[in-house]
Amino acid sequence: MDGTSSQTSRSVLHVSADPPHADAFAREIEELTDFTVISTDSVGDALATLDTRADVECIVSDYDVPDIDGLAFLQSVRAQYPDIPFILFTSEGNETVASKAITVRVTDYLIKERFQDQWAQLAELIEESITYHRSQRSLADPKSRAKVIFETVPDPLAVVQDGTLCYANGTALDLFEIESLETLSGRSVIDHIATDFRDTATSSLDAIQAEERRVDRFELTVVGREGANTPVELTAVAIRWSGSRAILLILRDISERKEAQLGLRRFKQAAEAAGHAVYITDAEGTIEYVNPAFESTTGYTAEEAMGKTPSIMKSGEMSTDYYADLWDTILAGDVWEEELINRRKDGELYHAHQTIAPITDHEGEIQSFVAIQTDISERVRRRQEAQRQKRRYESLFNNIRDAILVADTDRRIVDCNEAFTDLFGYDLDEIEGDQTKYVYESEEAYEEMGEALAGHANDPQFTTLVEYEKQSGQVFPGETSVSYRRDSDDNVTGYIALIRDVSGRNERIAQLRIIDTVLRHNLHNDLNVIEGNASLIADDTTGKVETRAQKIIDTSGKLLKTTDKQRLITDLLAEAPTPEPIDIASRLDTTVSSIRDSHPAADISLDAPDTCEIRAVPELVQGIKELIENAIEHSDRDQPTVEVTIERQDGTVTVTVADDGPGIPEMERQVLTRTEDIEPLYHGSGMGLWFVTLVVRRSDGVLEFHENEPRGSVVTIRLPYD
């Protein structure tokens with residue numbers, strides 16, 4: 001401010017690297033005041049302006065400027081112009097910057113666009129600052145005023161003239177490990193710079209001393225008098241000190257920053273080998289680094305991702321509230337950890353578990369964010385499948401008609417369904433946690449079930465008949481199928497019992513037994529008497545009487561066979577046999593041999609392997625025998641032909657009985673191909689065929705009927721084969 005410009009003009013120096021903002025500032029301030037705005041976009045130009053313009057009465061500066069920051073600029077100004085009003089006009093608040101600015105006697109600190117009338121507020125602040133400055137203008141020389149200010153600044157500050165230190169504030173003396181200014185005076189600044197940085201420092205300081213440049217900033221290591229090494233960021237600014245050229249050195253200790261950078265390098269090295277996607281953004285969310293796992297997970301290369309924001313992965317599946325909460329959390333300095341749905345470069349959606357943590361500098365200011373993503377798509381798929389299975393289980397559990405009781409290994413009740421409540425009369429609230437003992441008819445029944453549970457522990461499930469007692473005291477038989485609950489290590493954790501009230505079935509079985517008794521004893525004996533007497537009559541008579549007697553004998557024989565088959569069916573229905581291993585080839589070989597002996601006129605062949613083991617009810621062999629004998633007895637040929645074959649293929653055993661007779665009548669054929677009960681009007685000879693249908697069904701098989709060529713029938717039984 002030693003130039004020759006008119007003393008009557010009034011100017012405000014504005015420093016900003018944002019052209020639209022600079023234009024708006026000049027337009028608004030010149031409109032609201034009588035000041036002329038001088039705009040510069042760098043600290044170097046601003047310092048040159050101060051040297052040449054005597055009419056600058058106030059400085060307004062951004063914090064972020066290209067060559068050095070606004071705080072270093074303020075410190076440089078205070079070295080030469082201790083009293084000139086200086087206003088920091090910044091984009092966002094920063095308590096650390098504000099605090100440091102106050103120590104260097106910043107006039108005011110204003111945040112852009114915080115107020116609707118910000119330009120009017122700023123214009124008023126400029127006017128008030130200049131008025132106050134004029135009223136408080138000190139008579140002390142600027143150097144003395146600058147020293148007073150510098151002693152309150154926490155950053156180390158020093159002044160160099162011709163390569164020699166001529167001033168340092170208290171923190172700079174500590175940095176150089178020098179006791180006093182007297183000891184400092186005359187020492188070469190280069191002596192306090194580590195060898196590796198001396199050439200760079202010498203070149204820069206010489207250029208500034210010669211005023212070839214105004215400002216420079218670089219990193220170096222300061223060496224204390226006692227040998228301590230301290231990494232610093234050096235800002236060197238050309239100033240006037242006692243009327244002569246000098247350099248202001250602003251030395252900021254960056255030890256913590258270096259440590260953080262080292263930690264970041266180590267982190268990146270670890271991230272390179274990590275299996276999780278890792279990316280780092282700046283404080284505004286722009287991606288600055290991604291690891292290889294990020295590339296493979298998202299499909300974006302590092303070149304494609306860096307410079308973008310994480311929104312490139314945005315799927316549209318997450319709400320705006322989700323992202324608002326995310327930013328609120330991390331900007332508050334807290335860690336964010338949640339699941340989200342992202343989209344890969346190829347458009348595929350994926351589920352991720354993401355952790356985002358802020359990275360702060362030594363002053364606690366957020367510098368960047370690090371995010372770690374784990375692709376959990378498979379885990380989510382399994383979780384969703386488990387949830388679907390749970391819903392299906394709950395639907396089945398609640399809607400199945402059988403009563404279900406769930407118990408732990410101590411046989412305490414864990415759960416039950418509505419069918420259990422309907423059957424037993426207990427609500428879950430009444431019985432949960434209680435022993436299952438009281439639902440049994442007796443202590444003995446309870447203990448027998450305990451023995452069964454222990455005895456079948458290696459089986460997937462078992463079925464048994466149990467006598468239960470309802471809440472009302474009524475006792476009933478329950479067919480109980482028990483399965484075991486197991487953990488991931490296959491240890492039993494409890495039991496699930498499906499209970500079906502079989503009172504009605506038992507009553508029907510009892511009825512069958514009564515009918516069987518009547519048919520087997522009363523009717524069977526009476527038919528034997530009738531057949532015997534008819535035989536006597538046939539032996540003693542001729543003609544029509546003999547013919548009619550023979551008719552009685554034939555009919556009685558058929559009825560006796562029907563009662564015998566009825567007994568087989570009754571036993572099958574009443575006992576409910578379970579499938580067991582059977583060598584069907586060996587058993588049918590014996591059966592066919594027996595039928596050949598009893599029907600010598602028939603041509604019976606068997607085409608089968610030597611052995612063929614299946615799981616079937618034992619009565620299956622009797623059923624196949626029934627098919628063979630039925631084909632012989634109903635044949636209209638002198639020499640009936642029956643072909644029996646056994647084949648194994650693709651997990652199935654096929655037993656075929658083919659004949660050349662007249663074929664199976666339609667009514668009897670329907671018995672082979674349907675599962676309904678025999679109708680009351682049915683009076684054919686199909687009782688044996690119905691028996692075949694039952695044993696095939698009980699053996700988990702399939703029964704088929706076809707016509708033979710050129711005549712006859714083919715009955716096929718398909719059975720599962722292990």
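Each residue's number is its place along the chain shown, starting with 1.
Yeah, the Cβs are placed from backbone N, Cα and C, and that goes for glycine too.
Here TrEMBL flags 11-127 as domain 'Response regulatory'. Along the domain 'Response regulatory' (11-127), the predicted structure has mean pLDDT 84.
Per TrEMBL, domain 'PAC' is recorded for 216-266 (among others).
Taken from TrEMBL, the feature domain 'PAS' covers 263-309 (among others). Helix, strand and coil content of the domain 'PAS' (263-309), in residues and according to DSSP, is 22 helix, 10 strand, 15 coil.
For 334-388 (among others), the entry in TrEMBL reads domain 'PAC'. DSSP labels the residues of the domain 'PAC' (334-388) in these numbers: 12 helix, 30 strand, 13 coil.
Annotation source TrEMBL lists domain 'PAS' at 389-441 (among others).
Feature annotation from TrEMBL assigns domain 'PAC' to 462-514 (among others).
The domain 'Histidine kinase' annotation in TrEMBL covers 518-722.
Asp62 (4-aspartylphosphate) falls within neither a helix nor a strand when secondary structure is assigned with DSSP, and so counts as coil. The Cβ of Asp62 (4-aspartylphosphate) has 22 other Cβ atoms within 10 Å, all protein chains considered. Among the features that TrEMBL reports, 4-aspartylphosphate is placed at Asp62.
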By DSSP, what is the split of the domain 'Response regulatory' (11-127) into helix, strand and coil residues? 54 helix, 25 strand, 38 coil
In the domain 'PAS' (389-441), how many residues does DSSP call helix, how many strand, and how many coil? 26 helix, 13 strand, 14 coil
